[in-house]
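All remarks here apply to the structure that follows.
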Amino acid sequence: MGSTSTPPHVLIIGAGITGLALAQALRKHGVSFAVYERDPDPLHRGKGWGLTIHWSLDAFLRLLPQHLIDRLPETYVDPDAVAKGENGNFLLFDLRTGETKWKVPPAKRLRVSRERLRRLLMDGIDVQWNKTISSISQISETAVRCEFSDNSSAEGTLLVGCDGSRSKTRSLLCSLAGNETPVRSENYQLPVRLIGVSAALPSRIALKMRALDPFFLQAGDPATSNFFWFSFLDTPINNDREDRDTYECQILISWPYRKDGSNNIEIPCHNVDKIKLMHSLADGWVEPFCEVVQSIPEETEPKIISLEDWPTPPKGSWSNLGGTATLVGDSAHAMTMFRGEAGNHGILDVSNLLEALIPVLTSSPHSPAKTQEEVINEYEDEMTTRTRPAVLRSRKACLDAHDYPSITADSPLVARRGAFEDDDLEYLLN
């Protein structure tokens with residue numbers, strides 16, 4: 001039987017991009033849901049940075065109602081570039097010579113502000129803030145219950161963990177799996193350190209970078225194996241700053257950090273010293289890369305990113321409680337940013353899950369649809385098979401980025417993007 005007499009109600013844990021995309025898709029299909037987020041308010045984590053939706057773009061558009069698709073230009077980093085049909089080239093440069101070393105294979109893509117996209121996806125969604133999940137239990141064959149740290153609780157027919165790379169839902173479901181050797185639910189930390197900023201650069205500097213690419217670029221330092229990432233977050237036509245003749249830019253510098261390294265660079269405690277470190281790491285770089293970093297004001301607030309991942313373990317490593325609970329996105333397959341695919345896999349998770357689940361949630365009790373448990377098991381089979389190699393490709397891309405001689409045509413750092421399983425990187429787990 002496809003469903004029971006219990007009306008479907010989906011508990012969405014996490015109000016990030018994947019959780020909100022899931023909510024909008026359920027709303028589009030008339031399925032009851034509730035969204036719970038541990039943050040106290042939408043602005044708790046700041047404005048956020050950029051997001052590229054590329055090979056999952058078609059799936060993403062299928063999830064959304066038409067009125068939100070029509071408003072997507074509100075989220076674009078550079079609406080003019082999109083209107084002109086510019087996709088960007090996603091080049092990798094040599095920071096010492098300025099030479100273009102690699103070009104990531106082109107694809108149709110949208111570069112959006114993560115914060116503006118999240119705000120758009122909140123349209124019409126009643127997010128319950130300050131809700132940190134603390135326990136999960138199956139209360140019947142078709143119902144699940146979760147409790148929150150404020151002593152409140154919620155019940156539904158399906159709980160979906162969308163609570164990010166350090167997912168509490170993941171930890172709880174792994175502990176409920178009953179495996180003789182429990183799966184480690186904590187992330188693996190890569191031997192790399194990263195400092196990033198969001199800074200408003202004057203047009204005279206930003207336009208030098210825009211001449212290289214209208215959206216983003218990356219670069220490596222052959223002398224140190226340090227790495228540089230740059231992207232635009234807005235332009236003079238779509239910002240509301242007092243000085244409109246500026247471009248908000250995302251600037252990241254990362255470097256290898258070896259366990260046995262005697263010359264490891266430590267991240268300073270004070271913000272002004274972190275910015276000074278970024279300035280010093282750019283010494284010896286050619287223009288415009290050096291100028292961009294040196295122009296970051298010392299009063300800028302930097303952000304430290306811990307580069308972590310969680311290679312999706314085999315099916316059954318977490319309990320889906322008889323098909324009443326599951327994971328999507330970073331909760332199921334946290335990966336580094338070095339292939340820009342985490343969000344795309346999360347979107348595909350939601351799309352695949354909903355495509356199979358909607359017929360079950362909207363069918364009559366006597367329809368021949370699959371059971372919800374069958375659908376969840378099949379979803380997890382596909383998702384774990386697809387995303388484990390994706391996590392490892394992103395790990396290899398990160399490691400290659402910080403070992404300059406490893407950046408070759410075969411490196412995942414510059415190779416094609418997409419959902420495929422044609423390489424074996426299991427050795428990275430040793």
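Glycine is no exception: its Cβ is also placed from the backbone N, Cα and C atoms.
The feature signal peptide is assigned by Swiss-Prot to 1-23. Residues or ranges marked as FAD binding site by Swiss-Prot on the basis of sequence analysis: 9-37, 307-330. Sequence annotations record features per position, and here Swiss-Prot assigns N-linked glycosylation site to Asn130, Asn151.
Between the recorded positions Asn130, Asn151, Asn320, the minimum number of other C-beta atoms within 10 Å of a residue's C-beta occurs at Asn151. On the backbone, the CA of Ala23 (FAD binding site) and the CA of Asn130 (N-linked glycosylation site) stand 18 Å apart.
Cα of Asn151 (N-linked glycosylation site) to Cα of Gly30 (FAD binding site): a distance of 29 Å. The number of other Cβ atoms within 10 Å of the Cβ belonging to Pro313 (FAD binding site), over all protein chains shown, comes to 18. Figure note: comparing Cβ neighbours within 10 Å for the binding-site residues Gly16, Gly30, the maximum is reached by Gly16. Counting every protein chain shown, 27 other Cβ atoms lie within 10 Å of the Cβ of Ala23 (FAD binding site). Residue with the densest Cβ environment among the binding-site residues His9, Glu37, Leu327: Leu327, by other Cβ atoms within 10 Å. If you take the Cα of Pro313 (FAD binding site) and the Cα of Asn130 (N-linked glycosylation site), they are about 30 angstrom apart, rounded to a whole number.
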